[in-house]
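J.: One structure is given below, represented as structure tokens, and several questions about it will come after.
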Amino acid sequence: MDNSVILIDDSQNSVVIVDDDVEDGELEDDVVFVCPEELTRKEIEPPTDKIEEKHSNTSIQDTTEEDGDSLVFEVRFNKEAHFTSLQQQVLVALEGAFADKQIVFRDNPQELMISAFERSRTLPEEEPQDLFLIDTQPAAKLNAANVPSYKRCNADILDEQTEERKKLKAEAVNKCFRPKAQSSCFNCGDTEHSLRDCTKPRNNSRITRARKKMTSRTERYHVDTEQRFGHIRPGKISTKTRHAMGYSRGQLPFIFYRMRVLGYPPAWLEEAKVQSSGIALFNADGSEVTKSDEEEGESETFKYDVNKIVEYPGFNVQPKANCFDDFKHHNVPPFQESQSKENFIKSLGENVINGYKRKKLVDLPAPHDRVPAPSELLTSFDDYDMELEEETEDPPLPPSVPPPQPPPPEECEDGELTARSPSPSLEDLKAQQEELLQELDVNASHNTTANESKSPTDLDDTSETEVGPSAAESGNNEQSRSAPSTPFKASYEGTPLLKFSVYDRLPVGSNFKVGVSDVINFENLPDSTGKYEQMKDLLKNVREKMVKLQNEN
């Protein structure tokens, strides 16, 4: 029998060990399990073994020639019961032991053996007998509204190990890396020593450039520097982002279409909220000052800033002319005016900041001992007359006779007029004011009675001519009655003054300069001149901007 054949039997076997160095439990290629019956059979019948061996060799050669594989070894069983019970276990053990080698195991139930062949050619794949297969198991239906659809695909493989990808990664790392500021030598640029300890020859131009670069890099801590992602704006997509997302120039992103179903993003609505600080302001008379965008009685703690409402083209703002509204493809409704930015702001109600509004200043109440100026009295009379003219649209009264001239001033004992009479007192001015108000009331009552007595059918030209002189005479009589009869010495035109100075002329202006030094503005502040003009221009621009916002609202 060949040395590569292994015989297995459950009965007590005798083991023939070729090499003495093999440990217990270890199998070698030279170990052969032989039944005791086979030993006796070998001794008694050697010619039959040769015949069986030849027969087996011929059968093995036939199988190898047919399959094209070379035989490696065989496992033969003595009894059929042992073959049926141990066949699967032996096959699994052999396949696991020789999994890394190209070995195929075949069982032969007729000869009660398992053969191992080395694969020399690939086995042809078995062609399926059926042309097609019908799947009878139903699949879960997808919701097309929640699954985005893409019109473009990328067939290229994103290989992270390519040179371009490595270069882009390195650039991104370099951009994000922010090394700590280290002091370096202005002359050679080395960070290990300073300019004082530099051994290389001094280059003044290089030192000057390095110093300028160092000083320009320093910034004030309170200056609002530009953020890293400050250029990103919501609702606006840059060209690079559009190219990365695979959208063309006139194509709207999918998120803008989904907003038509989901509405305005709540996170950006929270961003537009402006909460009050809770600080109350009071004016001079003790009443609380309301803000420019609030009204009295409001108790809201927050409002919405209109300028922070984001515009999304295709959702709350009309898209550009070159954009195509592909709402049917995305299964969303078309653009609706009810979702526009203006209607959304209206839906917020009164909780909206409409910009700065200038309010009128509340006049403080005048003190009781304050003397009203004649200009104020005249202004109030003019306003009163204007109100009467606006209320009554009757024709004006005929011209009345001018009032009589005041009596000549009385002469003093010396026969000369005094240089100037004293001004009237406060009581006299109040009495004159009351008399003038009474005259106006009388004139208003006459006008109302005349309007009631007139009718478009009864009046004629003769009655008008008769009523005119009588009204003029009555007005003259009342004016003569109401004229003051208090005598006075002299009359001067102009604004009456209650008190006069005892000095006839003002002092010389040079006297005020004694002991006063000249003021030198911004003496200890270099490069600070011209700030007043800059502040004026800034306030002017702010004023114009506020007026523009008020006009827009």
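Numbering starts at 1 and runs along the chain as it is shown here.
Yeah, the Cβs are placed from backbone N, Cα and C, and that goes for glycine too.
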J.: Of the residue ranges 147-164, 183-200, 525-542, which one carries the zinc finger annotation in Swiss-Prot?
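T.: From Swiss-Prot, the annotated zinc finger range turns out to be 183-200.
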J.: Among Ser14, Ser347, Ser375, Ser380, can you tell me which residue Swiss-Prot lists with the annotation phosphoserine?
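T.: Record lookup, Swiss-Prot, feature phosphoserine, residue Ser347.
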J.: Write down the residue from Tyr221, Tyr356 that Swiss-Prot flags as phosphotyrosine.
T.: Tyr356
J.: Of the residues Ser59, Ser238, Ser480, which is given the phosphoserine tag by Swiss-Prot?
T.: Ser59
J.: How many other Cβ atoms are found within 10 Å of the Cβ atom of Ser347 (phosphoserine), counting all protein chains shown?
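T.: I count 10 other Cβ atoms within 10 Å of it.
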J.: Please compute the mean pLDDT of the model over the zinc finger (183-200).
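T.: In the predicted model, the zinc finger (183-200) has a mean pLDDT of 85.
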